[in-house]
Amino acid sequence: MNIGRAIKVTQAVVDIKFEGELPKIFNALKSKLKYKDKELVLEVSQHIGDNIVRCIAMDSTDGMSRGDEFVDTGAPISVPIGRSTLGRIFNVVGELIDECGPLKGKYNLEPIHRAPPSFTEQRIQEEVLVTGIKVIDLLAPYLKGGKIGLFGGAGVGKTVLIMELINNIAKAHKGFSVFAGVGERTREGNDLYHEMITSNVININEHEKSQAVLVYGQMNEPPGARARVALTALTMAEYFRDRENQDVLFFVDNIFRFTQAGSEISALLGRIPSAVGYQPTLATDMGAMQERIASTTSGSITSVQAIYVPADDLTDPAPATTFSHLDATTVLSRQIAEMGIYPAVDPLDSTSQSLSAEIIGEEHYKVASEVKRILQTYKSLQDIIAILGMDELSDEDKIIVDRARKIQKFLSQPFHVAEIFTGMPGKFVSLSDTVSSFKGIVEGKYDHLPEAAFYMVGNIDEAIKKAELIQAEAK
């Protein structure tokens, strides 16, 4: 047994001195004493000479003192994998935190640090993943096995959108979902758990019938837990992809907190910061995780990642580094949220590699392109409208502005997960309905309907009914 002693404790970073063999980088060390009735797990991060290793703590170091003994486990942090993990909530080191008793059934322990799949193992799918959300399905469609980023500042609706995607995709999707709560609010994690129980995605009486695993390292946790919890969840998702040959959904809320935790640790480890105070290894840390989220010949992982944008600045190094790894980006805009249009997705800033006629079909591509053209023209006319008013526009431009405003309103949609706040029943709109509805708007079939009829409805039939109600009330 290789035992070391703590010689220095600095918040989440602990220096341990070993007399014998030094533990390898990423090895887990476990405390012989218990702090707050729990073993403390450390992860080796640096060898700093004189038989001393510098480690990151996965839990609070409160109550620790110099001289406390730690045992080298001889392996990285290892977490349970297998079907028995379904329906349960884990923390970063694979301990259950849902108070539903011990893990039942067979499971193996797997290290959280692994190499990504090789080039020969990877494959690309060109099948669109229908979300039931109009603005996404029409203008920035998602691919099965793709990486999707939801970008937005504070309070523009990232978590609500990710919860609606879980609701729409995980319910319709018969495979398994893994959710990683990285440095977000505990209340939201609790809400999501109960929402999953209500919708039968999680069965608390018979866990083996559940379809989801939850892994939480919330914002009150030390940076070590927040920096590693995404890897813990990813390890569990990889099991379903590689051993069960499943198409897995992997949700992360919020990937920025992963970067932020890395930045906190980097400063405590004494590294010189790079741009805007981020860790010098930002691109490497992000790449090591993102490269593991891949589709292989065994199965696929479709990931949806919420990405907080500090001060609404998309050029900040944290969101900018994430951009390069994604297949589709859904950008949430404060200006659109202020107009009362939810989801507050920016139709011109959001992008998708799958927006091509070969993947989505000729009709869908033409409609999406025309919608973007109308919105872009309206955007360029806004200065003229603000200074001179609508009367100074040509007749053709007036028609474009009218259609653009209807499109803007029609891109809003009531969500199932927001029913309790809005009082409106949620709507799931099929892809064919979305394309045909917008095709009618851009062709001018609905120019006679009032603008208000397009706000917060599902398909175009609902807009027509709403227009009839508005006209009846006007009489």
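Yeah, the Cβs are placed from backbone N, Cα and C, and that goes for glycine too.
Here is what Swiss-Prot records for this protein:
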{"type": "BINDING", "residues": "GLY152, GLY153, ALA154, GLY155, VAL156, GLY157, LYS158, THR159", "note": "ATP binding site"}
Q) Taking the centroid of the Cβ atoms of GLY152, GLY153, ALA154, GLY155, VAL156, GLY157, LYS158, THR159 as the ATP site, which other residues of that chain lie with their Cβ within 8 Å of it, listed in sequence order? A) TYR308, LEU332, ALA337, ALA344
Q.
Fewest other C-beta atoms within 10 angstroms of its own C-beta: which of the binding-site residues GLY152, GLY153, GLY155, GLY157 fits that?
A. GLY155
Q. Highest CB neighbour count within 10 A among the binding-site residues ALA154, VAL156?
A. VAL156
Q: For LYS158 (ATP binding site), write down the residues of its own chain that are at least 6 apart in sequence and whose Cβ falls under 8 Å from its Cβ; none is a fine answer.
A: LEU150, PHE151, GLY152, ASP253, ASN254, ALA306, ILE307, TYR308, LEU332
Q) With every protein chain in view, how many other Cβ atoms are within 10 Å of the Cβ of THR159 (ATP binding site)? A) 20
